[in-house]
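**Q** Following this message is one structure expressed as structure tokens.
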Amino acid sequence: MLKFEILATDTSSHARRGTLTLNHGVVQTPIFMPVGTYGTVKGVMPRSLREMGAQIILGNTFHLWMRPGLDVMQSFGGLHGFEQWDKPILTDSGGFQVWSLGSMRKITEEGVHFASPVNGDKLFMSPEVSMQIQTTLNSDIVMQLDECTPYETNGHKTTEAEARKSMEMSRRWAVRSKNEFERLGNPNALFGIVQGGMYKNLRQESLEALVEMDFPGYAVGGVSVGEPKDEMLDIMAHTPHRLPAHKPRYLMGVGTPEDLVEGVAQGVDMFDCVMPTRNARNGTLFTRYGDLKIRNARHKTDHQPLDPSCTCHACAGTEGVSWNDGGRGGFSRAYLHHLDRCGEMLGPMLTTIHNLHYYLNLMREVREALDAGQFGAFRARFKAERARGV
């Protein structure tokens, strides 16, 4: 089941505000979706995710197929029961992970033959297998199996002919994914994925073919795969707003806070990215006034929280009152610097909570600006504040 309703639009851009109703709940859009690769958002309890405003999270079809396997998933009635998350879940198709195996896999028209990275077993992923796995996972949003078109391979930039061949295979796999999804009687929603590399004419062909197939929602894939930022932004400016206005649009694997706000302006409703969680574990924190490197020596004696305007548990403690509003319940930069230096596990747990809170709160502010008809002013203020630096 999927119902998408647009509540407001921005007159100066393609931005829109909506609600997405799925089998496990209603999602307010635009939305950022935390990534839970192995059935968990690394280091974060489900309760904490709910408290910080997460409405929908991702699961990784490929990795959950490898471990713990479909028998275990089936015994729990799907991924929701297994990871104790009662809100919507989106699962990717497994295509990107199989593509990432490089020399360990062989792609044919039928599907992908590859060696398991867990135990070396010979395995096969096809559009039909992907649909069967995702049906067992019972995710609210299922993604078609696609071939992720690389930007370059061993220093060789993908040509238009190579990108076309890849895009056309993804298009044929979309047909097979949809047929199998319907044969299985899956009650959830299947999204098609627009491919075509960095070639706008191929993106347009892919888009038109998928729209003809009438998917409940659409994703833009094959971006943030090693291409220069300006080329990624070029595709972002071209493709999302050309998708059907009455259906949700999902930009896969993107990106920085600036990318998210720009994506909203280009008509994107849904985002996911490992950046907030991965960067948190590597000591890079997102704040209203730019990125903060907690490993820098200057933070050794700094009494401030990561972001004085932030109300996350790391910055504001259990009271949830920011430093700017008089609260003093959070942890100092000095303490988080110390935890990182010592390799204490609490460090990345707190920084992950902060980064996810920042992303989710950013999307909340975007929604509020759209509700108020002030997205243009918000966008300008956001850019100025982020450029100021911490």
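Cβ atoms here come from the backbone N, Cα and C positions, even for glycine.
So Swiss-Prot has the following annotated:
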ACT_SITE  Asp92  active site, proton acceptor
ACT_SITE  Asp272  active site, nucleophile
BINDING   Asp92, Ser93, Gly94, Gly95, Phe96, Asp146, Gln195, Gly222  substrate binding site
BINDING   Cys310, Cys312, Cys315, His354  Zn(2+) binding site
REGION    253-259  region 'RNA binding'
REGION    277-281  region 'RNA binding'
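Walk me through the surroundings of each of these features.
**A** When other Cβ atoms within 10 Å of the Cβ of Asp92 (active site, proton acceptor) are tallied across all protein chains shown, the result is 29.
Under the DSSP three-state reduction, Asp272 (active site, nucleophile) is assigned to strand.
In sequence order, Cys148, Gly221, Gly253 make up the list of same-chain residues 6 or more apart from Phe96 (substrate binding site) whose Cβ falls under 8 Å from its Cβ.
Note: Cys310 (Zn(2+) binding site) has non-local neighbours Thr287, Arg288, Ala316, Ser322, His354, His357, Tyr358, Asn361, i.e. same-chain residues 6+ apart with C-beta under 8 A of its own C-beta.
Across the region 'RNA binding' (253-259), DSSP assigns 3 helix, 0 strand, 4 coil.
Long-range contacts of the region 'RNA binding' (277-281) within the same chain: residues 34-35, 41-43, 348, 351-352, 354-356, each at least 6 residues beyond the stretch ends and with a Cβ under 8 Å from a Cβ of the stretch.
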**Q** Which of Asp146, Asp272 has the fewest nearby Cβ atoms, counting only those within 10 Å, among these recorded positions?
**A** Asp272
**Q** Counting other CB atoms within 10 A of each CB, which of the binding-site residues Gly94, Gly95, Gly222 comes out lowest?
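**A** Relative to the other binding-site residues in Gly94, Gly95, Gly222, Gly94 has the fewest Cβ atoms within 10 Å.
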**Q** Suppose the Zn(2+) site is Cys310, Cys312, Cys315, His354. Which further residues of the same chain have a Cβ inside 8 angstroms of that site's Cβ centroid?
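**A** Neighbours within 8 Å of the Cβ centroid, excluding Cys310, Cys312, Cys315, His354: Pro305, Leu306, Asp307, Thr311, His313, Ala314, Ala316, Gly330, Ile353, His357, Tyr358.
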**Q** Just going by other Cβ atoms within 10 Å, which of the binding-site residues Cys312, Cys315 has the emptiest spot?
**A** Cys312
